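Asks: Once you've had a glance at the structure underneath, I'll fire off some questions.
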Ligand SMILES: Nc1ncnc2c1ncn2[C@@H]1O[C@H](COP(=O)(O)OP(=O)(O)OP(=O)(O)O)[C@@H](O)[C@H]1O
Ligand SMILES: [Mg+2]
């Protein structure tokens with residue numbers, strides 16, 4: 001397996017705050033890794049280290065084989081960074097913003113203009129190309145920001161919360177652009193607070209919370225492994241909840257209950273007929289019996305709040 | 001497990017990864033960007049120019065009578081001081097502009113590019129020097145309309161500009177430190193007015209030091225602004241030159257020794 005980004009044991013503290021604690025990341029070339037976590041999880045810290053803006057206190061990281069500390073200059077030639085907040089010059093027009101980056105990278109005036117115009121075209125900003133960026137909407141700024149990180153045709157790009165604060169339309173547009181880059185063979189590490197975004201874009205997801213990895217895997221396995229579907233049974237007569245609980249435990253192995261429901265996480269929805277049959281045999285009248293699929297948000301909440309010690313590691317092979 | 005670069009580069013990338021260029025060209029690009037900003041907000045030229053012009057006007061018509069008896073006599077004294085004030089205020093612009101880049105995140109983008117780390121600083125200093133030239137040109141032009149005269153030789157403007165440049169370059173390092181450290185451009189502005197304006201008034205830029213109380217004279221004497229104002233006076237309207245210029249250069253050296261290491265450390269430290 002060749003990895004475009006590989007980090008082992010990355011650690012970083014700011015005074016008393018442990019921003020990252022021994023984080024491992026592996027991103028195969030040409031794929032998208034979604035780094036997922038709530039506020040303060042350490043997403044930006046990880047991106048800054050990988051993009052050579054900050055040095056790790058421990059561990060090491062390589063981008064396309066180059067050490068981000070010892071070969072920072074080499075790494076900078078290969079990456080593009082779009083930070084959490086749009087880094088554009090509001091006093092310049094869209095074209096000038098991109099030409100600025102192009103010329104810094106050594107393109108001639110004509111080349112840099114051509115690249116700028118191409119990118120603006122691709123990002124749907126052609127009409128606003130000559131307007132100063134302070135007149136841009138939030139979504140346009142984000143797109144310009146992303147365009148700026150592509151001027152140098154990077155092979156690896158880091159996107160820190162690229163769609164935060166965008167309306168659904170602008171978000172979809174940005175997703176399309178990101179997919180386009182992936183299709184070109186670019187490797188992407190993107191951070192997000194939204195599972196849906198990771199689900200849409202990422203080949204693999206790493207969930208971090210308070211600086212540590214709490215889960216990782218494909219979107220599919222995460223949903224399956226962490227958020228198994230829940231079976232809910234509500235008897236008509238709540239006096240019979242005890243009996244229902246026994247039956248559910250016999251079939252599914254465990255249960256939780258409240259005043260009205262008996263619930264259990266199920267691995268295999270095939271147990272449903274068995275439960276129905278056993279309840280029937282026991283003569284229990286059922287008011288409600290259902291399977292609820294886990295929502296991604298539940299998975300996320302479960303991972304990032306229900307495990308204060310951050311010990312629940314789900315790793316897929 | 002080894003990490004290997006993918007063999008195939010993106011097929012139709014917008015451009016081949018460009019070649020490395022020198023720090024000079026990169027600095028030039030950073031300066032270019034700042035001058036292009038002016039194209040979009042030409043009022044910047046006015047902002048930078050209006051302050052010295054207002055001062056000349058005020059000095060010529062409001063203060064001149066009380067200070068020196070005649071407009072001409074006072075302008076001959078005060079214009080060199082105003083040149084120094086412009087220099088100091090442009091340095092404040094350097095700090096504010098830099099801080100805007102830092103707080104807006106543009107600075108991080110520049111740091112993630114394969115360019116020289118000092119190019120963003122050098123480019124900014126260069127662009128702000130162009131602004132300084134503009135403001136000095138306005139200042140001199142307007143002063144001359146109101147009867148200021150260069151009584152030595154016109155060619156004295158050249159060494160004067162050189163000295164002004166050395167001074168502004170040296171002071172820039174302090175400004176850059178402020179720009180890197182402050183949490184917002186507004187804070188830099190406040191800092192600039194809190195430090196730089198008093199600095200220009202606690203000098204003999206506008207008032208002969210002899211009229212001040214003794215303790216104040218002591219401050220005025222060691223104020224680099226005084227040294228530069230005296231140098232410019234000597235160069236443009238006559239008087240001692242060698243001594244104030246030497247003092248100015250020493251003051252610049254002190255500024256550089258004090259701030260270059262501090263500023264570079266702050267600059268290279270991650271944020
Ligand atoms: N420069 C800094 N100085 C001090 N503490 C910092 C600094 N940068 C980050 N931290 C702390 O490190 C932790 C991780 O921050 P980080 O910005 O990486 O989180 P994040 O996942 O990007 O959060 P968000 O979703 O809010 O952007 C936080 O507790 C933060 O307060
Ligand atoms: Mg962040």
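Any Cβ shown, glycine's included, is placed from N, Cα and C.
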Asks: Scan B:125-148, B:221-244 against TrEMBL and say which stretch is down as transmembrane segment.
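Replies: Residues B:125-148 are the ones TrEMBL records as transmembrane segment.
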Asks: For the annotation region 'Disordered' in TrEMBL, which listed range does it cover: B:1-20, B:21-40?
Replies: B:1-20
Asks: Counting Cβ pairs under 8 Å that are 6 or more apart in sequence, does the total for the transmembrane segment (B:154-178) and the transmembrane segment (B:49-68) reach three or more?
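Replies: By the criterion, they do not touch.
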Asks: Report, as numbers and ranges, every residue of the chain located at least six residues beyond the transmembrane segment (B:190-209) whose Cβ falls under 8 Å of a Cβ in that stretch; write 'none' if there are none.
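Replies: Long-range Cβ neighbours of the transmembrane segment (B:190-209): 59, 63, 67, 77-78, 80-82, 84-85, 88-89, 91-92, 95-96, 178, 182, 216-217, 219-221, 223, 225-226, 229-230.
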